[in-house]
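Inspection log for the structure reproduced underneath, given as structure tokens.
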Amino acid sequence: MRFMAAALAATVVLPSAAAYATDLEVTHWWTSGGEAAAVAEFAKAFDATGNKWIDGAIAGAGSTARPIMVSRLTGGDPMGATQFNHGRQAEELVEAGLLRDLTDVATRENWKEIIKPASLLDSCTVDGKIYCAPVNIHSWQWLWLSNAAFETAGVPVPKNWDEFVAAAPALEKAGIVPLAVGGQAWQAAGAFDVLMVAIAGKDTFNKVFKDKDADVAAGPDMARVFKAAEDARRMSRGTNVQDWNQATNMVITGKAGGQIMGDWAQGEFALAGKVAGKDYTCLPGLGVNEVISTGGDAFYFPVLADEEKSKAQEVLASTLLAPATQVAFNLKKGSLPVRGDVDLAAANDCMKKGLDILAKGNVIEGTDQLLSADSQKQKEDLFSEFFANPSMTPEDAQKRFAAIIASAD
Amino acid sequence: MTGQAHTGRPRRLLRNLSSKIASIPMMLTAVVIFLGGTTWTVVYSFTNSKLLPRANFVGLDQYERLWDAPRWIVSIQNLAIYGALTLVFSLVMGFVLAALMDQKIRFENTFRTIFLYPFALSFIVTGLVWQWILNPEFGVQSVVRALGWTSFTFDPLYNADIVIYGVLIAGLWQGTGLVMCLLLAGLRGIDEDIWKAARVDGIPMWKTYLFIIIPMMRPVFITTLVIIASGIVKVYDLVVAQTSGGPGIASEVPAKYVYDYMFQAQNLGQGFAASTMMLVTVAIIIVPWAYLEFGGRKRV
């Protein structure tokens with residue numbers, strides 16, 4: 001009993017002690033080596049404002065973490081701030097009034113002017129109010145090639161997708177898997193989206209995913225994409241790994257010729273001490289159509305009753321977007337900053353290519369921004385089946401794809 | 001309670017009062033959580049709820065979409081294959097092991113522990129262990145190839161046609177020990193005199209087992225059956241750990257469909273519809289059987 005009393009007394013004392021520096025719990029799913037180093041930059045910057053960052057990392061990918069975050073929010077146990085991929089993942093939470101309106105902070109700090117491209121902020125906006133702070137841009141449209149693998153096979157490193165397809169038989173003869181595609185469903189779906197932008201172009205991409213035009217999805221342009229996907233399926237036979245970084249590792253070690261993966265793969269190459277241009281080659285837009293998508297991560301702030309914590313949320317929101325934090329964070333993360341006015345001199349070749357494309361404005365929105373989680377999941381089911389099952393024809397797959405687009409909201 | 005209860009006969013309601021009070025929490029749990037939760041789920045499966053439940057009714061839309069989804073069909077087929085084979089093999093193997101164990105062998109305790117040990121592991125651990133064993137680059141295939149048989153191919157987890165059998169192996173490895181223990185307990189409950197009588201009559205041992213012992217063990221078999229069956233319907237973690245539904249969607253199971261659509265796809269309505277279908281399937285199997293098993297006996 002005495003212990004109980006002491007414990008109770010302790011809980012009474014604690015809140016008053018904490019009032020000086022406000023603790024804010026921040027949940028996210030950045031747990032790999034490079035990601036953890038990047039998020040530490042945020043924590044450092046926030047702690048420097050006199051508040052305290054309580055790290056709430058949730059292991060596993062976003063698909064594991066998001067259900068936990070959502071159930072904490074809907075279950076009445078909100079955290080101080082939480083990561084989502086900006087776009088439609090948090091849409092209903094905003095509509096249910098669980099997330100906080102940040103318009104005041106955004107106007108004060110002039111987010112409308114500084115955040116580039118503007119579509120990032122649009123994805124945070126519901127009914128004219130801003131609900132999230134975007135922190136980085138991640139693009140999917142990259143083909144990573146192992147220079148060593150092509151040397152072994154005795155063919156030059158391809159400069160675009162068609163050359164890569166043509167080089168595949170030589171790679172196979174040398175015992176190398178031409179294209180590594182991990183077994184997780186999102187990787188197959190993501191690779192298909194990349195093929196789509198590269199082969200059918202930006203307009204088709206927007207017509208299908210933004211306007212949900214099922215006729216275009218069933219049309220001849222998309223048929224070409226499905227043919228390319230069939231090539232990709234043939235080239236990916238024998239991958240036999242699950243996680244994306246295991247697939248990237250096949251490219252790093254020269255067991256695979258290449259991988260279609262987002263710019264986060266760069267961290268793995270860097271970690272292995274590989275140099276862009278020398279050990280590996282990166283082709284944005286598969287070397288065909290240099291367009292990158294501007295999906296990424298954003299922080300959302302739940303509505304809290306506590307005045308102090310609400311104030312701390314505002315401080316955190318502006319800290320995340322401060323130029324110094326943006327540079328420190330994005331260099332470690334391998335992603336691009338959300339503001340155009342910061343200097344990334346330390347960026348490597350591939351990141352510079354990305355920055356160039358961004359500056360030219362050759363951008364599309366990410367599929368997370370355009371499609372609901374439900375449609376995304378159906379698409380994942382379709383493409384994971386397509387890539388694993390050689391007896392499924394491109395025509396059948398396209399028919400099912402068009403049906404998903406027709407029912408998408 | 002008022003004092004009036006003293007005057008009349010003690011009412012039936014008040015008989016065994018303490019045991020009735022003791023069972024109130026469980027009754028409440030059953031009614032509110034099980035029955036209430038089930039009803040709520042079924043009702044909301046007719047809505048178009050997305051991330052949050054919303055009472056916007058759309059009729060049978062969710063069910064139509066569910067039965068149009070190739071992934072759901074594959075899940076049902078997999079559950080049927082996994083279920084039928086698990087039931088047969090774990091009962092047969094469990095019984096054979098139990099019968100062997102019952103031959104008054106030496107080190108029975110040791111063997112029993114070894115066979116039961118896998119059951120102490122979670123499905124997640126079992127799944128991961130078997131993922132490694134069945135991995136062509138590290139597991140059985142590479143061991144056999146290292147022994148010199150280089151054309152040997154055994155990669156069930158990477159072959160969409162047989163992946164469910166790879167899951168089945170892991171499931172049997174884990175579950176058979178428990179079946180063995182339950183059936184062994186049943187065998188030990190058989191009176192020694194029955195064995196003696198059978199031996200006096202010159203009935204061979206396998207016939208004694210098949211025609212005398214097994215029919216006598218009916219209650220034990222039913223308990224075992226219920227335990228195995230409930231394990232089959234809810235199989236989820238094993239698949240997640242071993243194959244995460246792959247390759248493609250070849251080893252998906254219904255419980256995983258429910259989870260993925262409720263939480264990853266943020267489509268509660270679809271998940272509710274799928275879980276309602278699971279409930280209906282179970283009910284179709286259980287209700288007639290329970291009626292025959294328990295309803296019939298009362299009349300005798």
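Using the three backbone atoms N, Cα and C, a Cβ is placed for every residue, glycine included.
The annotation domain 'ABC transmembrane type-1' is assigned in TrEMBL to B:76-291.
Sequence annotations record features per position, and here TrEMBL assigns transmembrane segment to B:21-43 (among others).
Under the heading transmembrane segment, TrEMBL lists B:79-101 (among others).
Sequence-distant contacts of the transmembrane segment (B:113-133), counting only residues of its own chain at least 6 positions beyond either end whose CB sits under 8 Å from a CB of the stretch, comprise 97, 139-140, 157, 166, 169-171, 173-178, 180-181, 235, 237-243. Marked as transmembrane segment by TrEMBL: B:113-133 (among others).
Annotation comment: TrEMBL describes B:162-187 (among others) as transmembrane segment. When Cβ-Cβ distances below 8 Å are used as the criterion, the transmembrane segment (B:162-187) is approached by residues 78, 81-82, 85-86, 89-91, 93-95, 97-99, 101-102, 112, 115-119, 121, 123, 126-127, 129-130, 134, 156, 213, 217, 219-221, 223-224, 227-228, 231, 235, 238-239, 242-243, 246-247, 250-251 of the same chain, each at least six residues removed from its ends.
The list of residues near the transmembrane segment (B:208-233) in space but at least 6 beyond its ends in sequence, with Cβ under 8 angstroms from a Cβ of it, reads 79, 82-83, 86-87, 90-91, 94-95, 99, 175, 178-179, 182-183, 185-187, 189-190, 194-195, 198, 255, 278, 282, 293. Per TrEMBL, the feature transmembrane segment maps to B:208-233 (among others).
Residues annotated as transmembrane segment in TrEMBL: B:272-292 (among others). Below 8 angstroms of C-beta separation, residues 38, 41-42, 44-45, 49, 62-63, 65-66, 72, 233, 254-255, 257-258, 261-262 of the same chain, each at least six residues beyond the ends of the transmembrane segment (B:272-292), sit close to that stretch.
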